[in-house]
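This is the structure, below, for whatever I ask next.
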C-alpha cells in the first residue's frame, strides 16, 4: 500500500515559508507601536474650578450637537484658495457672513478611516496605525473618553448614525439608532434614517448632547468619486440639516454649540485611509455666537488645528474633565472668547490643559524640569488677581503656544517600538533569503534532482534560524530559568556563526552563476529582483512603484523577443517551421507591449499621476454613460468568448455562462440606480455559489487551473469601467504564454518562469489603479452581495479584489506548468521560489523601516507598503500551498482508489 500512497513531498519545502511568515508576524508585532497610556479615569480636576462660571452665568452650555459628515473634506465646504463658503452651503454661508459661525481647518492624523478618527475626537489620542486593521470590526472602546466622562457627569446623550459609535459605546446613549455602513451603494436611506429623528428630538428637553453621523457622502465617494454631481446634491442636503438643527436650537433661547466636521476627507479616487491633503484636511464648523474668526488684512483668517484639539474644546464647553490620555490643546478661537468664558475661566482651562499634558509627559519618561519652571511661571501670572485683563490675555497666548510645543514633543515620542524584535526579524529574514538562494542555485539542490540531498549549509542555516528565534522568544520570558544570559549568548553566537557561514556559501554561488552562463532575459530578471528590492529605500520609488514594474515587465518581454530572433537566425534554413513559431512569438510580444501602452493609462496611479486624466475618468464622466455601457458589454462578451473557447468541459461552460448572465443583470440594475433592490444582494450571492462550484470542480479535477471561477469572481468585483481592462489582461496572458515558455529551456527555468509571472501580476496590480497607499483600496468591492455585517467575508472579498492581478497571473502560471511534464518534487519547489522572491524585498524593507522609523513619511509611505508586502506574501503562500497540495491530494486519492480496487 505504501507504494500506492506515496507522494514525494518533504517537510523541508514548508520550513522556509513558515519561517518567513513567522518573521513577518514578529516584525509587525515589534513595529506597530504601543502607546503608553494613563489607565486611570478623569474623575477629578487638577485645578479647583467650582467657583468658575461662564460669562453668561451658566455652568455649562446646556446643549451640544456634534454633526459628523463622513468623508467631508475641507474643499467640500470652502473654496480651494479662499475662505469663502461654497455655493452648496447657502445657509452656512449666511451664518458665516453674519459672524454666527466660525470655520477652521482640521488636520486628521493617518490612518484616515472612521474608527480611529472617532477615537481621536472623543479621547484626544492619536490612534495607532494598527487601528486601520480593526476598522472592519469595531469593538467596545475602554480608554478614557468624553462619552464616558459626560455620562459620569449626568449628561444625557443621543446618537443617530453610523453604528460604529453604538459598538464602541454600548449602553451609553439615552436614545439611539445605528445605521449600517456596509451597503456602500446606499447613500440616500442611510442619511434619511438619521434626519427623520430631528423633528422630535429638537422639541424634547431631556438630553444634553446629540451626536449625528451621516454616511451618505462617504458612500457616494466610494461608488462615484468626489467629482460626481451627487456630491453637490448631498452637500445641499447637509446644509438643510444644519439649518434644521440651528433653527430648532435657536428657538429654545438657551446657550448651545453646534459643531459640524468630517471624520476624514476623501482622496481623488473617492476612497480614504492614506495621508494626502484631500484625506487629512477636514472643516471644523463651530456655530456659536461667541466664537472668534480672526481677521488678517481685512479678511478672515482660516485657523488650522489638529483634530484631537476638538476633545479639550468640547470638554471645556461641557464643563467636564479632559480624558486622561488627551493630547489635544484648546482651540483658542473658542477658549479666548469672552462671550463664552470669562478671563478667569480661560486661565483655569488653559492651566488645566497644561498640567494634564505634563502628566502624560512625565509618564513617558521625558525630561520635565524646564516644563515645571514654565508652568509655575504661567500659573503665577495667569492667576494674579492684580493683573490687568490685557496682561492676562498676553499670558494666555503664551500659555497656548507653550501647550502646542508640549503637544508637538509628545507627538514625537508617542510611538514605542520593540527595536530588538524588529532587528532580529530582519536579521533572520536575510537567513531565509540566503537559504532560498542555496536551495535554488546550489549544486546539490537543483530542481532536477528528484530526491533531496540535505547538506551542511542548509542544516546550519536552519540551526541559526532556530537559535535566533530562541533569542527572540526569550525577550518575552526573561524571568524563566531556561533563558539565563549565558544560554542566550550561546545561542546568539550559534546564530551569528550560521549567518556568516550562509552568507559565504551564498556568495560562492556566484561562480555557479557564471558557469551556467544565464541568458540575457535571465540575467535581467536577477537584476530586476535586486533593483526592485533596493528601490524600497526611497519614499518616492515606493509612491511611484508602478513605474518600476512598467519598466521591468516590457523590458523583459522585449529581451525574450530578441532572444527568440537570435534563436531564429541561428537555426538552419531548412527549419522553416521553427522560423514561423519564433516569428509568431515575436508578434505576440509586440501585441502585449501595445496592450500595455493602453492599459497603463486606464487607471493613473501613484502620488504624482493619480490626478491626471485617464481612460477611467473619461468612461465615468456624466456625458459618457452610453460609452461606458458599450465598453462594459464588449468586455463581458470578450471575456466570455475567451474563457468558453479555452474550456473543454460543457458543464463548466454552462455554469460560467450562467454566472456571467447574473453579473450582467446585476450591473444593469446598478446602472438603473435601484440600490435598494434585494436583487442587488441575491444576484451576487448566486454568482458566489457558482464560483464555489467551479472552484470545487477545479480542486477535484486532474489539473488545477481555476481560471473560470477566478475570472467570474473578478468580473463581479470589478467596477464596470475596469471590466474591459480585465479583457485586455486576459489577451495579454494568452499572448505571452508561449514566449515565456522559452525560459524553461534554460538552467533554473522554472524559477525564472515563476519570477516572470510574478512580475506580470504586479504590473496588473497597478493597472487597476492600485498603489502603496491604503486609500486606493476599493472598499465597495468588499460589500457586494453582503446582506449583513460579516467582517471575515468582507476581508476575503477585499483581499481578492485588491490582489486580483497577482492572483490572475499565478493561475496563468499554473496553466503554463500544466503543459510541462514535472514530477511532484519540482512542483513543490515553488515554495523556494516564493521564499526567494518575497524574502529579498521583505528583508530590505525591514531594514528601511528600522532605519527610517522616525522619518516623516514612516506612517504615510513605508508602513502602508509594509502592510501590502506582508499581506501579499501571506496570500501567495496560501495559494501556492493550495496548488501544490491539491496535486498531492489528487495522487493520494487516485492511488488510494486504485489500491482499494486491487484489494477487492
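Glycine is treated like the rest: Cβ placed from N, Cα and C.
Caution: TrEMBL annotation is automatic and unverified by curators.
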Scan 378-397, 398-417, 458-477 against TrEMBL and say which stretch is down as transmembrane segment.
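TrEMBL lists transmembrane segment for residues 458-477.
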Give the range, chosen from 351-372, 483-504, 549-570, that TrEMBL lists as transmembrane segment.
483-504
Suppose you had to name the range TrEMBL annotates as transmembrane segment; which of 681-701, 702-722, 723-743 would you pick?
681-701
Taking a Cβ cut-off under 8 Å, which residues six or more beyond the ends of the transmembrane segment (749-767) line up next to it in the same chain?
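For the transmembrane segment (749-767), the far contacts come to 440, 447, 521-522, 525, 528-529, 545-546, 549-550, 552-553, 556, 596, 599-600, 602-603, 605, 725, 729, 732-733, 736, 740-741, 743, 803-810, 812-813, 816-817, 822, 826, 829-830, 833-834, 836-837.
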Do at least three CB pairs under 8 A connect the transmembrane segment (651-669) and the transmembrane segment (866-885), leaving out pairs fewer than 6 apart in sequence?
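Taking Cβ pairs at least 6 residues apart, the transmembrane segment (651-669) and the transmembrane segment (866-885) are not in contact, as fewer than 3 fall under 8 Å.
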Can you work out which residues elsewhere in the same chain, 6+ from the ends of the transmembrane segment (792-814), have a Cβ less than 8 Å from its Cβ atoms?
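Contacts with the transmembrane segment (792-814): 136, 182, 704-707, 710-711, 713-714, 717-718, 729, 733, 737, 753-754, 757-758, 760-768, 770, 777-779, 781-784, 786, 871-872, 875-876, 879-880, 883.
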Other than its close neighbours in sequence, what residues sit by the transmembrane segment (651-669), given a CB gap under 8 Å and a spacing of at least six beyond its ends?
632-633, 636, 639-640, 643-644, 677, 679-680, 683-684, 686-687, 690-691, 693-694, 697, 708, 711-712, 715-716, 720
Counting only residues 6 or more past its boundaries, what in the same chain has a CB within less than 8 Å of a CB in the transmembrane segment (625-645)?
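Distant Cβ neighbours of the transmembrane segment (625-645) are 618-619, 653, 656-657, 660, 663-664, 667, 671, 707-708, 711, 715, 720-721, 723-727, 730-731, 734.
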